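Student: What Swiss-Prot records for this protein is below:
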TOPO_DOM  1-7  topological domain 'Cytoplasmic'
TRANSMEM  8-28  transmembrane segment
TOPO_DOM  29-746  topological domain 'Lumenal'
CARBOHYD  89  N-linked glycosylation site
DISULFID  98-103  disulfide bond
DISULFID  109-152  disulfide bond
BINDING   166, 203, 300  protein binding site
BINDING   267, 269, 271, 280, 319, 324, 346, 349  UDP binding site
DISULFID  298-312  disulfide bond
CARBOHYD  330  N-linked glycosylation site
DISULFID  334-355  disulfide bond
DISULFID  652-704  disulfide bond
C-alpha cells in the first residue's frame, strides 16, 4: 500500500514538473522573440527599451498629481443614465468631484489671510435688489478688500441669483460674460451665489453656465449635487428679507407646557401637475380641521383651471377661512414640504415664529448643514411616510418641544434674520475650511452666541470665552485686571486717579493694574505712582485715541477687566461687590453708571439720556467689569468706520461697547447698587475730563446712537429694571451681619 502511495506521489511530481517546463518555455521563447524585435528596432534608430522594461508595470494607486478635470472624465460612462450622458457638458455635473483640496488654491490665503474681492460692477448690467444686498454685506464686512492681489476669495458682480430663464431677473449671455473676466481662472477660488436654478417643467439645478472650479452658495440644493466641504447650502429668502439686522424671533416667553392651539399647520400652493406635486396633493389625507390644519389652493398660475381636479373647489374654500399669520403664531409644528424646488420660504417663516419646522423635502441639503445640527431645531420627515407625521410629532415629549423651539430662535437670530448674516455665515464656513487649525467646533456653531460672534483667532480653547463656563464645568475667573484710562497729567498727589489706583489695588480680587497713558504730556516718573501690593504697569498709547482703551493688550493677564476712567470715584468695597456680581454674569457688562436710550417720535430717531428713570439699557465703561474677549471683539469685529468716528469725536466708545455686548448676548447689562454719582466733582475745569459738562459732548452721543444703530441694522440695546444690591442692603439689622457694610455709608 505504501509503495503505491510513493509511486503516485512521484508520478504527480513529474507531471507538475513537465507542465512547468512546458508553459515556462513558451513564455521564455516569447520573451526572447520580443527581445530580438526590440534589439532589431534599436539598431534601426527606433525606441530603445529602458533597463527596467521587463519589470511588471502596476498602475499608480495614489496618482497624486492627476488634474481634477482628468479625474472628472475618468470612467464617466460607467453607471450613469442616458440623461446624465446628454448633460455631461452642463454645469450640473462638471466639477462634481471638486473639493477644497483639489479645486481651491490655499496659497492665496496664506499671505494676507481671508480676504474677499468683489468684481466692479459693469456698465449696463442689471442687478436685483437681493444680489445688491449680498454684495453690500460683503463690502461692509471685515473680510472685504478692494485689491484683487490681496484676495483669497472672489465674488462676481454679475447677478447669478435667479437662473430661471422665465424670470425677468434672468441675466442673458452669462457664460461669455464670466469667461471674459481676467481673474476668472476657470472659477478657481470663486464663490457663486444662487437662489433659483432651472425652469419649467423639471427645474434642474443647472445655473446655465459652466461654473468650472467655483464654489456654489446655493438654495434648494440636493444632496446628490451638493459637493461636501466645497459648496454651501443657503436658505431660500425673499426679496423683502432685510439686508442687516432683521427682526428678532417671535418667541417672547416660554410657556409650560409648550403646546399651542394647533399641533401642525401648513398653508400654501398645491401643484396639480409636474415636479413637487405628489407631496402637496396628498396633504388632505392628514388634514383634520382641528389641531392638524394643512391647507392648499389650486389658484395660482395662468392655466390652473385647465388642470383643476375634483378637490380644488373644496380646497380653495377651506384655504380662505384661515389667516396664515394667525396659524403660524399659534402652532407647535409647521410643515415645510418641498415646492417646485426643494427649498421653501416656509422654512425661514417657521424658524422666526418659533414654530418647529417639520421638513418634508427628501434629498434637500439643509442650509448650513456643515455646521448646524438640525436635529436640535427641526423634525426631519420623509415624503414617503407622510401619513405617519401626525403620530410622530404627537409622541415628542414636551421638554423636547421646548428645546426645539428655543433652538429655532437661536438659529434664526444668529444666522438667518438678515441677508448679511446669511452671507457672513457662508464666508465664515469657508474660512473655517481654509484655516482648519483654528476652526470653530460644533458647540460654537450650535450654542449661544453662535459662530459669527466667537472668533477662533482669539483662542482655540473654549474656556477663554465667557459663554461656555457652564458647558465646560468651569468657574468664572477669580481675579481681575484694572485698566485705568488716564488723559490728564499728574500734577498733584491728591488727584483722583491716584486714589482710584490705591482703592483698586486693595481689592482681594485684583491681580494687577494697568494705567493706559493717553495724555499728551510725558509719562510721570516711577516715584510719582503710589506703592501697591499688586503690579502697576503703565502703557503709553501710540495713537492715544479713545478706541485704544479697548485694544486686546497682552499685558492683561486675567479674563476679567475692571475698566475705569481716571476721575472715577470707587471704594475697595464697591470694587469687590461689583466683581462678585460679575462672576455670576461673566458674559455681561456689570458696573455702576447707568444710561438709557429711547425712541424720539417727533424726530424719528434714537435718543440718549442720563436721567434717572425706572430702567436703563447701558452701563458705561468708566466704572464697569466685563470679559477681556470683548476687547478683541471690539478691535476685530467692528468696522473701521465706527472706530474712526469714535476716535475723531473722542467720544462714544462706551456706548459702542454696550452696543456690541448687547448684540452678542441679547441681554441687558447689570447695574449694581443705587449709586448715582461716580465722577470726581472737583476735577479742574481745564482738564479733558470736563468734556462731560460740554453740551456738544451730549449732542455727539445722540448722533452716535443713531449711527451705531444704522450699522447694526437694529437697536441691540435692551432695557432692564434690575439692580443688584448686597444682601441685607439697607435692612434694619446689625451692621455686623452685613458683608459689604461700607457701601451703605457711601
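Residue numbers in this text run from 1 along the chain shown.
Any Cβ shown, glycine's included, is placed from N, Cα and C.
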Student: Counting only other Cβ atoms and using a 10 Å cut-off, which of the disulfide-bonded residues 152, 298 scores lowest?
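Tutor: Lowest Cβ count within 10 Å among the disulfide-bonded residues (152, 298) is 298.
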Student: Going by a 10 angstroms cut-off between Cβ atoms, which of the binding-site residues 203, 319, 324 has the sparsest surroundings?
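Tutor: Selected from the binding-site residues 203, 319, 324 on minimum Cβ neighbours within 10 Å: 324.
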Student: To the nearest whole angstrom, what is the C-alpha distance linking residue 324 (UDP binding site) and residue 330 (N-linked glycosylation site)?
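Tutor: That separation, Cα to Cα, works out to 10 Å.
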Student: Would you kindly give the Cα-Cα distance separating residue 203 (protein binding site) and residue 103 (disulfide bond), rounded to the nearest Å?
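Tutor: Residue 103 (disulfide bond) to residue 203 (protein binding site), Cα-Cα distance: 27 Å.
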Student: Could you measure between residue 704 (disulfide bond) and residue 166 (protein binding site) for me? Cα positions, answer in whole angstrom.
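Tutor: Residue 704 (disulfide bond) to residue 166 (protein binding site), Cα-Cα distance: 46 Å.
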Student: What whole-number value in Å do you get for the largest C-alpha pair distance within 267, 269, 271, 280, 319, 324, 346, 349, the residues recorded as binding UDP?
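Tutor: Farthest Cα pair among residues binding UDP: 21 Å.
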Student: Which of the recorded positions listed here (203, 267, 319, 330) have a Cα atom within 10 Å of the Cα of residue 152 (disulfide bond)?
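Tutor: Those near residue 152 (disulfide bond) - Cα within 10 Å - do not exist; the answer is none.
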Student: What count of other C-beta atoms do you get within 10 angstroms of the C-beta of residue 280 (UDP binding site), across all chains shown?
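Tutor: Taking every protein chain into account, the count is 21.
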Student: Give the number of CB atoms, excluding that of residue 109 (disulfide bond) itself, located within 10 Å of its CB.
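Tutor: For residue 109 (disulfide bond), the count of other Cβ atoms within 10 Å is 19.
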Student: Nearest to residue 109 (disulfide bond) by Cα distance: which of the recorded positions 269, 298, 355 is it?
Tutor: 355
Student: Please find which two of 166, 203, 300 have the most distant C-alpha atoms, given that the record lists them as binding protein, and give only that distance in angstrom, rounded to a whole number.
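Tutor: The protein-binding residues span at most 18 Å between Cα atoms.
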